[in-house]
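For reference, the structure is listed below as C-alpha cells.
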Amino acid sequence: MGCNRNCGLIAGAVIGAVLAVFGGILMPVGDMLIEKTIKKEVVLEEGTIAFKNWVKTGTDVYRQFWIFDVQNPDEVTVNSSKIKVKQRGPYTYRVRYLAKENITQDPETHTVSFLQPNGAIFEPSLSVGTEDDTFTILNLAVAAAPQLYPNTFMQGILNSFIKKSKSSMFQNRTLKELLWGYTDPFLNLVPYPITTTIGVFYPYNNTADGIYKVFNGKDDISKVAIIDTYKGRKNLSYWSSYCDLINGTDAASFPPFVEKTRVLQFFSSDICRSIYAVFGAEINLKGIPVYRFILPSFAFASPFQNPDNHCFCTEKIISKNCTLYGVLDIGKCKEGKPVYISLPHFLHGSPELAEPIESLSPNEEEHSTYLDVEPITGFTLRFAKRLQVNMLVKPAKKIEALKNLKHNYIVPILWLNETGTIGDEKAEMFRNQVTGKINLLGLVEIVLLSVGVVMFIAFMISYCACRSKRVN
C-alpha cells in the first residue's frame with residue numbers, strides 16, 4: 001500500500017516536471033513559430049495578409065481642412081497691421097481610397113514598384129459647410145510674385161498685370177477653388193507660357209504619387225516596406241547632405257517586431273522630406289495593444305536646437321540666420337513658390353511666427369502628429385498626420401498691392417488633419433488572426449509551466465513527508 005502511494009506521488013511529481021519542462025520549451029519554440037509566421041505574412045507578395053491590405057487599404061482615410069479666413073484684409077494691405085484670422089472647418093474629404101497601380105515585383109532586387117493614385121471625395125456629413133463656402137485668403141499668385149521675380153524691373157511689369165486684373169494682396173475664393181485650383185486673373189494676363197491655374201493642392205485628382213520602389217522583405221524582413229527609390233531616385237535634390245535622402249517607409253507600415261527604442265523613419269511627399277517619430281506611450285486600440293509614436297518637436301527645430309537639421313536651413317534672411325524654428329521652407333520642391341510647412345497654429349514654433357497673426361492657439365492634443373503601430377507586425381493601425389500650409393509674403397515697392405507692407409509675413413492658409421483608424425471588422429479579424437493566437441499561446445505556456453511547477457513541488461513535498469513518516 002505504501003509503495004503504491006509513493007509510486008503515485010513520484011508519478012505526479014514526474015508529470016508536473018514534464019509539464020513544466022514542456023511549458024518552458026514551448027516558450028522559445030512558440031516565439032520561434034510566431035516569428036516565422038509573422039515574417040511570412042508581412043512580406044509584400046501575393047497571398048500574404050500584408051500584401052492584401054497594402055494594395056488597397058481597408059481603413060477609411062479622411063483629410064479634414066480648417067481654413068484661416070482673414071477678417072481685416074484692408075487694414076493689413078494699407079497699414080501692415082496684424083492679420084486677424086478666423087479658423088473655419090472642418091471640411092472633410094475621403095482620400096487614399098484608390099488601389100495602388102502598376103504594381104511590379106522585381107525578384108532580383110527583392111523590391112516592388114507602384115504608383116499611388118490620388119483622389120478626394122467631399123463628405124458633406126462630416127463637414128461644417130459645402131465646397132462653395134467662400135473665404136478671404138492670401139492671393140497666392142500676388143504673394144509669390146516678389147519671390148519668383150526679385151528683379152524690380154520685372155516686378156514693375158507684373159504690377160501692371162496685377163492692377164489690370166484688379167488683383168490685390170487678398171482674394172475671395174471658394175473652398176473648392178482654394179484646394180483644387182482656379183484660373184488666376186492676374187496670371188491669365190501674363191503673356192508668357194506659364195501655368196495660369198493655381199491652388200494649394202493643384203493638381204491632385206487624377207494624378208499619382210510616385211513611382212515608389214520599396215523592399216518586399218522576402219530576402220530581409222528588416223527592410224520590408226522601406227523605400228528604395230522615389231521617382232527613380234534615392235535622394236530628392238531639394239536639400240543638401242543627408243537631409244536629401246529618402247529614409248524609411250511611407251508610414252503605413254514598418255518592419256515587424258518594433259521596439260520602443262526604435263526611431264521610426266518615414267518619407268512624406270507632402271512635406272518633401274523624410275522625417276521620424278519616437279515612442280510616446282502604450283495604448284489599447286479596440287483590444288489590440290499598440291505603441292504610439294509621436295512626431296517630436298525636434299523634427300522642426302532650428303539647427304541651433306538640433307544640429308542634425310542644419311541642412312534643412314536653405315537661406316539666412318527669412319530664417320533669421322537659421323534661428324527660426326517650427327517651420328520648414330519647401331519652396332524648392334514647389335517650383336520656387338514661397339511655401340512653408342509647419343504644425344497647425346505654429347505648434348512648437350518660434351514666437352515671432354505667430355506674433356503678426358491674431359487668434360492662433362496651438363494645442364498639443366489637437367495639432368500633433370502620431371502613429372499607433374502594432375509592434376509585432378509593424379502595421380500602423382491608426383494615425384493622425386497634421387500640418388499647416390503657409391505662404392511667405394514680402395514687401396515689394398514696385399507692386400502696389402504689397403508696397404505698404406513694413407515686414408515679412410508667413411501667412412497661414414490652412415491646416416489639415418489626415419486620419420485613419422482600423423475598422424471594427426478589421427480589428428476583430430486582426431485580433432483573431434494575430435493578437436488572439438499570440439495571447440492564447442502565451443496563456444498555454446504560462447498555464448503549463450505554472451501547473452507543472454505546482455504539481456512537482458506539491459507531489460515532492462507529499463512524497464518527502466510520507467517517507468519521513470515511514471522512517472519515524
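Just so you know, glycine gets a Cβ as well, placed from its N, Cα and C.
According to Swiss-Prot, the protein has these features:
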CROSSLNK  K469  ubiquitin cross-link
DISULFID  C243-C311  disulfide bond
DISULFID  C272-C333  disulfide bond
DISULFID  C313-C322  disulfide bond
CARBOHYD  N79  N-linked glycosylation site
CARBOHYD  N102  N-linked glycosylation site
CARBOHYD  N172  N-linked glycosylation site
CARBOHYD  N205  N-linked glycosylation site
CARBOHYD  N235  N-linked glycosylation site
CARBOHYD  N247  N-linked glycosylation site
CARBOHYD  N321  N-linked glycosylation site
CARBOHYD  N417  N-linked glycosylation site
REGION    93-120  region 'Required for interaction with thrombospondins, THBS1 and THBS2'
REGION    460-472  region 'Interaction with PTK2, PXN and LYN'
SITE      Y463  site 'Critical for TLR4-TLR6 dimerization and signaling'
Those recorded positions of N247, C272, N417 having Cα within 10 angstroms of N235 (N-linked glycosylation site): N247
Secondary structure content, the region 'Required for interaction with thrombospondins, THBS1 and THBS2' (93-120) (per DSSP, counts of residues): 0 helix, 17 strand, 11 coil
Overall pLDDT of the region 'Interaction with PTK2, PXN and LYN' (460-472), taken as the mean: 60
N172 (N-linked glycosylation site) versus recorded positions N79, N247, C313 - nearest by Cα: N79
Between N247 (N-linked glycosylation site) and N321 (N-linked glycosylation site): CA-CA distance (Å): 27
Which same-chain residues, if any, lie at least 6 apart from N79 (N-linked glycosylation site) yet have Cβ under 8 Å of it: N404
Euclidean distance between Cα atoms of C333 (disulfide bond) and N205 (N-linked glycosylation site), Å: 19
Around the Cβ of N235 (N-linked glycosylation site), the count of other Cβ atoms that are within 10 Å: 15
DSSP three-state assignment for C322 (disulfide bond): coil
N417 (N-linked glycosylation site) CB neighbourhood, other CB atoms within 10 A: 20
